[in-house]
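If you check TrEMBL, you get these features:
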- 46, 64, 135, 136, 137, 152, 220, 221, 222, 237: iminosuccinate binding site (BINDING)
- 109, 194, 280: [4Fe-4S] cluster binding site (BINDING)
Ligand code: 13P
Ligand code: SF4
């Protein structure tokens, strides 16, 4: 029988990763840990990364806001972003001198694809003088023509920080509608949707409550507003994770991407996680194999056109001061 090389690490995930699967991951995990030392690299991983990445090799984990905030303090020479392309671009904007790698440059996002700088120019012409708040789930080119960015973790604070009555909040229609219910600021939305969260329905929530009595339902604010209305609580992925840690519900349902429940469950063996979820095909493009390859080969380096980098950085940095 093969001996386990990383028993302490396995201890952390033994509730969610079966032993035979872990044995298949160990070789890549051990190689990645060694490569990180050799290359002076850190791995930033979003909460939707699979548990072997999230618990096995990541140095910094969190929601989009935490990843942006923590990227500022990174001292390593190389950042590997285990997440989607806009996250890697944000890390590069905040670390122009460092090498930022994304293991699969094709890891996109339906929200980022839903809006272009030209769309924003048309919206500005139709709503003169109204400031533009864009979700970080956008390209650097879109950020560059925005006044300020936001994430699902700070959207209400960002909108209210502008001290105006009307704001263009782009591109996530549902996030804008969910925030609109919590603020007096009038929000003009766009028609972008997250292809993962738009699939949840109010009927899903009602069926789960019937099937799992007492279940506490947490919904991500990228879900349609009628789904958030049926939930007990709504917040970014980090806020959901904190809720479980602090409230310790006996049973919980996280209406979000599938790996989120796995990652939170690893830290809370006493909480029962009800598991209907939707996979993000973009987040799932990142694997141990392509993280290892990124570190070995230095591919794929994220670069941002200098003509837009300064303005895009300003929108992200302005968000971080809120
Ligand atoms: P947060 O982790 O910021 O809540 O974002 C969720 C998401 O869908 C990121 O792609
Ligand atoms: Fe984009 Fe939705 Fe995937 Fe997040 S979960 S990367 S918002 S498609």
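Including glycine, each Cβ sits where the backbone N, Cα and C put it.
Caution: TrEMBL annotation is automatic and unverified by curators.
Remark: residue 135 (iminosuccinate binding site) has 111, 149, 150, 151, 152, 155, 169, 170, 171, 172, 175 as non-local neighbours, by Cβ distance under 8 Å and separation of at least 6 in sequence.
DSSP assigns residue 137 (iminosuccinate binding site) to coil, not to a helix or a strand. In the three-state DSSP classification, residue 222 (iminosuccinate binding site) falls within coil.
On its own chain, residue 46 (iminosuccinate binding site) has 61, 62, 63, 64, 67, 82, 83, 84, 87, 237, 283 as residues at least 6 apart in sequence with a Cβ closer than 8 Å to its own Cβ. Cβ contacts within 10 Å of residue 109 ([4Fe-4S] cluster binding site), excluding its own Cβ and spanning all protein chains shown: 24. Take 46, 64, 135, 136, 137, 152, 220, 221, 222, 237, the residues named in the record as contacts for iminosuccinate: the widest Cα to Cα gap among them comes to 17 Å. In this structure, 280 is the one among the binding-site residues 194, 280 with the smallest number of other Cβ atoms inside 10 Å of its Cβ. A Cβ within 8 Å of the Cβ centre of 109, 194, 280, the residues given for [4Fe-4S] cluster, is found for these other residues of the same chain: 84, 110, 111, 137, 195, 196, 197, 222, 257, 282, 283.
Comparing C-alpha positions, residue 194 ([4Fe-4S] cluster binding site) sits nearest to 222 among the binding-site residues 137, 220, 222.
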